[in-house]
Amino acid sequence: MARLCRRVPCALLLGLAAVLLKARLVPAAARAELSRSDLSLIQQQQQQQQQQQLQEQKQREEAEEGRPEVPGASSTLVAPVSVFMLKVQVNDIVSRQYLSQAVVEVFVNYSKTNSTVTRSNGAVLIKVPYQLGLSLTIVAYKDGYVLTSLPWKTGRMPIYSSVTLSLFPQSQANIWLFEDTVLITGKLADAKSQPSVQFSKAFIKLPDNHHISNVTGYLTVLHQFLKVDSFLPATGVTYKSGLENVELTPHAAICVKIYSGGKELKVDGSIHVSLPLLHTSNIKIGDRIPAWTFDMNAGVWVHHGWGTVKEHNSHLIWTYDAPHLGYWIAAPSPATLDFGINDDFQDITAYHTVFLTAILGGTIVIIIGFFAILLCYCRGKCATPQKRERNITKLEILKRDQTTSTTHINHISSVKTALKAEDKPQLFNAKTSSYSPQRKETTKTEAEERISMVKTRDNFKIYNEDVSFLSVNHNYSRNPTQSLEPSMGSKQPKHINNNLSPSLGDAQEEKRYLTGTEEVYGRSHIPEQLMHIYSQPIAILQTSDLFSMPEQLHAAKSATLPRKGQLVYGQLMEPVNRENFTQTLPKMPMHSHVQAPDAREEDIVLEGQQSLPSQTSDWSRYSNSLLESVSVPGTLNEAVVMTPFSSELQGISEQTLLELSKGKPPHPRAWFVSLDGKPVAQVRHSFIDLKKGKRTQSNDTSLDSGVDMNEHQSSRKLEREKTFIKSMHQPKILYLEDLDLSSSESGTTVCSPEDPALRHILEGGSGVIIEHPGEESPGRKSTVEDFEANTSPTKKRGRPPPLAKRDSKTNIWKKREERPLIPLN
C-alpha cells in the first residue's frame, strides 16, 4: 500500500507539469500564427487599394477619352487649379424680379463643374475652379422660362466675380390636335406671318392616367428682343477641325415645349418648324441658314442641319425640319457661311461644268462634221477631172468567132440615157481593142490608137433606119421619117440616116461643119451609127453537133434572111400575113437623144473615094479591120451594142439559117446560105472595085462567104465546138421587112424585094407577093416631104442643110436597081 501511495502523487505531478508545459506552448504558436496573418492581410489590403486606384484611373481615362477634345484643355489637372468666387443673380427680363429656385450651371472647357439653385433673393455663390486659357460658360434656366447662357473668358485670374442673367418667359401657344398631326402656333399680334410647329401625333408619349386634353404647348419667339439687340450673344461650336468656338448672331430663335400635368414631355421625330425672319438686306429667298440647338451636356450651341429661306405672304420665313422639340436658333456664322458658300459654289460649278462640257462637246462634233463634209466635197471636186468613166467606148472589143465566121463587136452593154454635162465629152472618148480566142493584142502606142480609131470610123459604118409599119390594103412600105418605139409603140420623128453617098462638094461642106462642131463640143470621131443597128445579111458557119436540140433549132433562125410571115421569139406564136417577109429593127430609144453633129460623119467619103460615083457602097471598109479569113459584114452580130435586141438577133439569124439548110448534108468546113439556097460553088457575084488603084493586096477569099479558102481547118475546129446560142425568155415580136442589102467588095450578096432569088424563097406559101416598083411612087415622096416639113426644129438640130437636101432627094431602091446581079456559072 505504501508503494501505491508513493506512485500516485508522482504521476499526478508529472501530469500537471505536462499540462503546464502544453499550456505555455499553445499561446506562443497562436501568437506566431496571428502575427503572420496580420502581415498577409495588410499586404492584401494594400494590393486591393492599388487595384482600385488603377481601376479608377482607367475609368477616368476612359471618361476623358469619351469627351471631345478641346484646344487648351487637359485630361487631368496637372497644374494646381485656382479657385475663385462667382456670384450669379437670376431675374425675369420682363418684370425685373428675382427668380428663386432657378438652376445655375457652370461649364469649364465644355465640362460641367458646378450645378446649384438660387436662393430666395435669386442669387447664388459658387466656387469655380478655373485655369487661364480655358472657356467658361454660365447657364441659368427655370420652368416657364427660356434658357439663357453666358459665355465668359478672361486673360487674368479673377478672385471674385458677380454676373446677372435675365430669363425670357415662355409664351403659351395655340395647340391644335388632329387625328394624325399636332399643330402649335404663336400669338404674335404684330407679325404678318405666325410661327408654327407641326409634327405627327404619334410622337407624343403620354404618361399613364394622362389624357391628351391635359397637354399644354409653349412657343416662344425671341425676335421682339432681337429688335432692340437685347438678345445675349451666343457661342457656337463647329467640328471643322476639332472643337472651334464661333460667335453667333441669331436672325431668329424659337423655343417649343409641351407639358402634361406640370411635367415636360419629350418629343423626338421629324418636326417641321416655320419661323419668320427679321428684314435684313443680306438674306434672300433660297438662302440656306444653319440651325443651332443648345447642348445641355456641353453648355454650348451646336450646329445641326440647314434651314431654307422662303417667302410666305410677302414675308421671309425660315423653314427647318428639327429632330426634336427644344430651343433652336437660325444664325449664320463665318465658318458655316463658308461651308454653305463652298457647297453652293461646288454645286453651281458642277452644274455649269456639265453644261459647258456638253456645249463644248457638241461644238466640237459640229466642227468635225463640217470639216469632214468640206473634205469630202473638196476631194470630190479635185477627183472629178481625173475620173475617166467609160460609159460608151469605140468598139471596146473586136472579136472574131471562127465557128460561125462572123464578127462580134462587144460593147459595154449598159449605156446611160442621162449623162452629166462634164461626162459628155468623155462619152465618145475610149480606146479600141480587138482580140480573138487565139490571141490578144498588147497595149498600143498612141499613134496606133489614132490609126485604129480612123479605121474603126471608116470600116464600121452601120446603116440604121427608123422603121414604122403602115398597113394600107395589105401593102407595107417603108417610112423613113418615123420610128417604132418598143416601149409603148409611140411614134416620134427622129433624124434619119439613109446612108446616101454625098457628092464631093456636099461632103467637103459637111466635113467642115462636123469638124467645127467637134471642136466646139469636144466629141470624138465615133459615129452615132454605131449605136443604131440595121439588119444586114450575114454568113454563118454550121457544125453538125451544135444544133442538135430542138429547142435550140427553134430559136436559131436568121434575123437577116427574108422569109414570109411573122417571127415570134418566145412562147407566144400568132398567125401573120406572108407579106411581112423581112425584118428591120427600130432605132434604140435610149440612143435617140445622143444624136450629135458627128452622127452624119459616116456619110463623108474619105480621100481615096471622093472621086467615085455616089452609087458606090461603103461595105468595102469592113475588110480593112477584119482578120485575114473573114470579110463578112458583122452588122447583125454587132447588135450586141443594143442590149435589148442583142440575143434575139443572134438567135433569130441562126434559126432562119438552119431552116433554110435543112435536109442537106453538112459541108466539111462551112455552109454559106445564099438567098436562093445554092451552095458556095454555084454562087458568084459581081462586085465593083471602089479602090482600083489604091488596093494593092487582097486575100484569096470567097466572094460570097468571105472565108479564106487557103486557111487551115485545124485552128477553127475547136472554136466551132465552143459556139453556143443565147436565147431570151421574153417574148419579142419582130416583123420582117425588106432590107437594104448592099454589096461591096467584101463579097456579100445584095438583094431587094425585086430579086428573083428572094421571090423564089418567099413563094413557099400561098398568095402573091406585091413587088415594089423601081421608082418611088409620088404618094410616097409626098409623104416623106410632108413629114420632113412637119418635123420639129428640135429634132433637126445639128443637121447640116446639104445633108437634109441629099436625104430628101436620094432613093434607096433606086440605088439597088443600079447594081446589076450577074450570075457566073
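Every residue, even glycine, has its Cβ placed from backbone N, Cα and C.
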- Task: Report which of N214, N475 appears in Swiss-Prot with the annotation N-linked glycosylation site.
- Result: N214
- Message: Looking at S501, S752, S792, which residue has the phosphoserine feature per Swiss-Prot?
- Response: S792
- Among the residues N114, N391, N790, which does Swiss-Prot list with the feature N-linked glycosylation site? N114
- Model confidence over the topological domain 'Extracellular' (33-353), as mean pLDDT, sits at 78
